[in-house]
Each structure stands twice: as C-alpha cells, then as structure tokens.
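Novice: Please see the structure below; I have some questions.
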Amino acid sequence: MQTTPATPDTDLQADNLRRAAIDKSVKGPVLFLFTNGAFWLMLSTVLGVLAAIKLVEPEFLGNCPYITYGRLQPAHINALVYGWGVQAALGVMLWVMARRSGQELKGGKSLLITAGVFWNITITFGIVAVLMGKSTSIEWLEMPKFVWPVLLACFLCYAWPIARMFGRAFRPEGFMVSTWYILGACFWFPWIFITANVALHCLPGLGAIGAGIDAWYIHAVILLFFVPVGVGAAYYFIPKITGQPIASAQLASAGFWSLAVLGGWTGMQKYMGGPLPAWMSSVGACAGVLLLIPVGLVGLNHHLTTIGKHSAVATSPTLRFIFFGALFYPVSGLVLALNSAFWTGANLQFTQSWYAFQTVSVYGFFSMCVFGAIYYIVPRLSGCEWLSVRLIRNHFWFSVYGIGTIVIMSLVAGWQQGADLNNPEHWDQTFMNHVINSRPYVVSRAVAWALISFSNCMFLLHLLLMVAGLGRRSSAPTLLEHDHDDHALPNEAHA
Amino acid sequence: MTNFRTFILGLAASFGLPWLCLIVLPAMQYEQLTPVAYDKDKDGVEGYFPPAPVNGQGQLVYIREGCNQCHTQMIRPVQLGLDGWYKGWGQDQEARPAAPARPSVLRDYLGEKYALLGIQRVGPDLANFGWRAKDKAAIYQHLYSPRSVHDWSTMPAYTGLFKLQKIQGPVSEHAVKLPKKFAPPAGYEIVPTPEAERLAEYLLSLKKDYPVPGQSAAVAAAPAKK
C-alpha cells in the first residue's frame, strides 16, 4: 500500500468527493451487516455465559431440555461465527474493497440488503432449531441442513461484487496487500464451505473421515477466512492512521503466500492418535506449527509499521482496537501451534484449550480488528461522530481483559485437564478429579463472558444511535485522548 | 501481482493442493472401504470386522442432545495418551487392566454417517461404553438424574427423555429406580420414553474394541467377559 502523494488542494477535494461517493454507495448494506452482526455478537456472548454456567451447575434454570450444555454451546458458537463473524467480515470486506480499489458499488444494493435479511432469518431459524433439538452435532455446522445452501447463496451475493471491484480497479502502484487478503477470503470461503457441506451433509457417510473433514473445516474457516479479513483490515487501517507506509512489501507478500500455502493443510491434528490415517494428522500438525511463519512475518510487519507512532494507539479508537487485535494474532498462532504439535497437543487434546483457540482467533484477533474497522467506517457512513469516549473505552477494556481471561484460563484449564487424564493416580478413579479441577476455570470463563456481554450491549446501543444518525455533529473524530492535538492525526486529512 | 488472473490461479493452486490431497482423495478412498473378513486361524474369530454396527436410531438422540460436546469416542494409542489404561475404558473393567484397550481405527466407525469422535472430554470416553454399562436400568438412572449417581456430576439431567406418570396397577418394569432423595412423589413413577430406550440401546452398542484382523495382538483377541 502506498500513501497518497502530496497533492494540490483541488485534487484533494476531488479525492474527498470520490471517497464520499464510494461511502454513500455501500452505506446501506454495510450498516445493515454491522448492526445485525452486533446484535448476534451480544446474543452469542449471553449464550456463552449461560453455557459456561451450565457446564459448572447443570441445574441452573432448571432441567429444561432446550438449554442443556449440549445445545447451548453450539448455539453460542454458531451465533458467534455466522451471526457475528461472517456478517461483520462481509461488511468490512465490502467497504475496504470499495475504498481500496476506488470503485463505487454499482447497482444491486437491494439484492445485497435482501441477501443480508435472508442471512439473518436463516440463522435465527438455525439457532432456534439447534436449541429445539435439531442439531447435527457436526462442530460449527450444527444448524440443520436447510440453513447451509441459503447461507452460501447470501455469501456469494456479497462475494461477487467484491471480487468485481478488485478486478475493475486501476492499480498503477500494483501493490495492495489488504485487498489480496480480502479477495482471498472471498474466494476461499465458498470453496471451504461447499466442500465441508457436500462431504458432511450430502455424501452417504464418511465416518471418521467426516470428523477429520469437520476439524479441517473449522481450521480452514479460521485461517483462510477470519484471519485474512482481520489481517486485511489491519493492513488497511494501520498505515492509514499512523500515516506510515507498510514497512516491507517483501514481508507482506511472504506473509500472504505462506498463509495461503499452509492454511489448507491444517486441522486434522485435532484427532491425532485417532482413527484417521496417521499421515493426515501429522501433516496437519506440521502445518499448524509452520503457520507460525506467516503469523510472525505479519506480526513483524505490523510492528515495524507502528514503530514511533504509539501515541496514536492511545488516541485513536480504531488503531487501539486493531493494535490489540494484531497482538492477538501471534497469540492465536501460538495457541494453534501448542494444540497442534504432538508433544503438547497430546496433552491438550479434547480439553478447553480447543475453546481457547476458537475464542482467541475468532474473538481476540478477528473481532478486535473488526471493532477497530467499525469505529472508523461507521462515522463515515452515518455522517456523525461517535457519541461517547467513555463507551468506546469501556468496550475496549472489557473486551481486552475479558478475552484475555478466557484464553489464559482455557489454556491453563486445558493443561490441567490433560495432566489429570494422564495422571496414574487417577486411572482407576471416577472422573471426579477432572470435573472438580476444571470447575474454577469455567467459572472464570462465565464471569469474563458476562463482562464482555455487558460491554457488547453498550456497543450495540452506541452503534444503533450512530446508525440512527444521532451521533455527535462535529468535524473532529472522537478520540480517546484529547491532549495530543499538537500533531493532527493523519486520519483527519484522509477523511 | 497486477494480473488478476495470475493472482486467482495462485489462490486456487495454493488451496487446491491440500483440498485434493486431504479431502477429496481420502473421501473417495473411504467410499471404497468395506468390512474385512476375519481369518479363523490367525485371528481366532469368525465373521466380519467390524462385526456389528452401532444402534443408528439411538445415535440420533445422542446427536440431537449434543453429547459429543463433552464425551469423546476415541481411544488413543498409549504413546500419545493413557486412555487405553483408564479404568473401564476398554473391555476389561478391572481398575488395573492387564493390557491397554486398543486404539481406535478407521473401520471402527464404518457405517456411521459421521463419527462422533467428540470435542472435549468433560466426561469420560464412551468408545467402549457398552462394556462398562451394567444394564439399561443403570443408564436410565444416570440419564434421568446424574447427581443420584455422583453428587459431583456436571452432566445435565435429561428429564425430558422420561415421563412422570401416576402408577396404575403394578409398577412398570421399566420404571427408573432412584435413591429416596431423588425419587418421585408417592404414587408416581418415572418411565423412559421410546427415545430414552433407543439412546440406552445405542450406548449399550458402543463396543469399539473388537480385534482388528491381521493384528496379532493377543490383547485384542482376549475373550469377552460378557
């Protein structure tokens, strides 16, 4: 990515007009996706609290069959992944791609809104069905069969215009790393999604291979959809707000292609030592550890881009969220490597560390980057500025501490569970020690989700006020600290 | 990377290779997989491996309730985890089994639409639960009121799978037997619904440690106790 070269005033004005036109063209669909996504996010965190409580005290709220842990947990994860994750990702992808390729969304806006409406209705039906007892028990694909073709069609309605924008864009500089990631996400997601659904819902039954394909699906969606969108957003906003070009084109390119090459190989190590052919889980384990390379390259590049601009992290809400999101990226790579390598993975297998990986990658990394993006995008679409610094600050701190707690606690709990299972003292015992030892970790998870869902209620409210046009009328963006006005932030100039 | 077509080709190639090797080819190969016959001389058993499929109707209840969130069905080899030695996780129900339960293999799940290998081990592994379960009555008690079995249990009570009814005539022979503290009010009994019966049949059919043909492990061919 290159910064805009110094331009005369008239050019700047023309540029701003062009940006405003692009923003206007994508306003409807993007705001629709963000608000609905924020609603699902709040709901999923509430379900997360309930599921964690049910894991410790199954008689909480009575023995109602609709809210047993076996149904709540999939509802919680599906709301997080499809309700919030994919939906918010599509909004960010559409906006960043339109801006970065300098293309307006031409027509089809009503189709996009319709697709968004269908996406939400289908997920509502799907999650209610899981709670009513129609779950398929295929992890991350628990919603019943009828859900998936609709979701695919809706996704493609968005992916097509995004890919077209990339294709039409005039790129004299030729190097636009954020759009590579976003195009990759557009391209890979339907492929992964169709493969997993055909294999698990249409073929006559793949037995243990099916379980392997499901584990692969989860890793592929995380690594080839959520990670590219998060990294793409980080590559777009970090230079934009710090005003420095991306440190190294070589690092960016290597980070992208090594992710593309390795991302599809990993996943089956979830069932290491299981009934799958041994080479499949071994390959997955190797790729899981080798993925530290793209993670490290991207992390280094982001670090080099932010150097010397750390005051902007304190001031700009967008940069603050994205900075911490980008910090969680190496953490999620590390958790993946720990879960994958045989010598640690054998201990962590089938424990809460699996939950740690899912939450750190989908929430800690991806969602934090998307929050940052939302704090930047929404004021430009709604024409007003964020109302309250305090709400943003609360959202940030609750998210960081909450998700940090969940990840650390789940990892430690995973270690404890694995150690308990392999402890010779326990072999001839009942499962009492495991159950009692893992209890405090799950309690802390419940508390952390409760704090997060509180901050998400505030976030949803804040977002709804913005969408309703009730934000601050001001030409200055809402910043977290006001005493740094001596050096005007570049994002003001960039509009 | 200005060329759109080259870029898309790069994306397709980098992802297509693992997709082909890890998903498509193994899935095609798996479709060819059939039960193998035992060799009477070498294995000491007759018939086919795997000998009996699990109870599919009951598995649907297991799937619906999301049991695999907390229960795995997969025994790992001893060099990776110590599952095989765990009390009651194999055919030998002794606290110190003479030999570890054998690790799960691909054919153990033949005929299942989706192998429920599990997500977490909040509760014990169920791969060979059929050997561990005493009878249906014990399973009913555990499903209806897990805390009447272990007061520390975090398993949900699946009361929805049972019916509380007034005793008319003699007490039903299927009625769930519960300790006094958990028993229904006098004059009432708790009977399993058909779903609970099928789930219990499925759980009893979980015996995934039949000897593997050609594996001369003496352990694998140990005589069945039931």
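Cβ atoms are placed via backbone N, Cα and C, with glycine included.
Sharing the record's features from TrEMBL:
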{"type": "TRANSMEM", "residues": "A:30-53", "note": "transmembrane segment"}
{"type": "TRANSMEM", "residues": "A:79-98", "note": "transmembrane segment"}
{"type": "TRANSMEM", "residues": "A:110-134", "note": "transmembrane segment"}
{"type": "TRANSMEM", "residues": "A:146-163", "note": "transmembrane segment"}
{"type": "TRANSMEM", "residues": "A:175-196", "note": "transmembrane segment"}
{"type": "TRANSMEM", "residues": "A:216-238", "note": "transmembrane segment"}
{"type": "TRANSMEM", "residues": "A:245-266", "note": "transmembrane segment"}
{"type": "TRANSMEM", "residues": "A:278-300", "note": "transmembrane segment"}
{"type": "TRANSMEM", "residues": "A:321-343", "note": "transmembrane segment"}
{"type": "TRANSMEM", "residues": "A:355-376", "note": "transmembrane segment"}
{"type": "TRANSMEM", "residues": "A:396-415", "note": "transmembrane segment"}
{"type": "TRANSMEM", "residues": "A:446-470", "note": "transmembrane segment"}
Novice: Determine which recorded stretch among A:79-98, A:146-163, A:278-300, A:321-343 has the most C-beta pairs below 8 angstroms with the transmembrane segment (A:30-53).
Specialist: A:79-98
Novice: Return the stretch with the most CB pairs under 8 A relative to the transmembrane segment (A:79-98), choosing among A:110-134, A:146-163, A:216-238, A:355-376.
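Specialist: Going through each listed stretch, the top one turns out to be A:355-376.
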Novice: Can you tell me which parts of the same chain pack against the transmembrane segment (A:216-238), counting only residues 6+ beyond its ends and a CB-CB cutoff under 8 A?
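Specialist: Here the qualifying positions are 1, 81, 85-86, 89, 92-93, 96, 99-100, 139-141, 177-182, 184-185, 188-189, 192-193, 195-196, 246, 252, 255, 259-260, 262-264, 266-268, 270, 284, 288, 291, 298, 302, 305-306, 318-319, 322-323, 325-326, 329, 336, 358, 361-362, 365-366, 369-370, 372-373, 376.
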Novice: Sequence-remote contacts (6 or more beyond its ends) of the transmembrane segment (A:396-415), Cβ cut-off under 8 Å?
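Specialist: The answer is 317, 320-321, 324, 328, 331, 335, 338, 347-348, 351-356, 359-360, 363-364, 367-368, 371, 438, 441-442, 444-445, 447-449, 451-452, 454-455.
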Novice: Which range wins on Cβ pairs under 8 Å with the transmembrane segment (A:278-300): A:146-163, A:175-196, A:321-343?
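Specialist: The stretch I would name here is A:321-343.
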Novice: Residues of the same chain, at least six outside the transmembrane segment (A:175-196), with any C-beta under 8 angstroms of its C-beta?
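Specialist: Beyond its ends, the transmembrane segment (A:175-196) has Cβ neighbours at 1-2, 86, 89, 93, 96-97, 100-101, 141, 148, 151-152, 155-156, 159, 162-163, 166, 169, 213-214, 216-217, 220-221, 224-225, 228-229, 231-233, 235-236, 246, 249, 252-253, 256, 260, 263.
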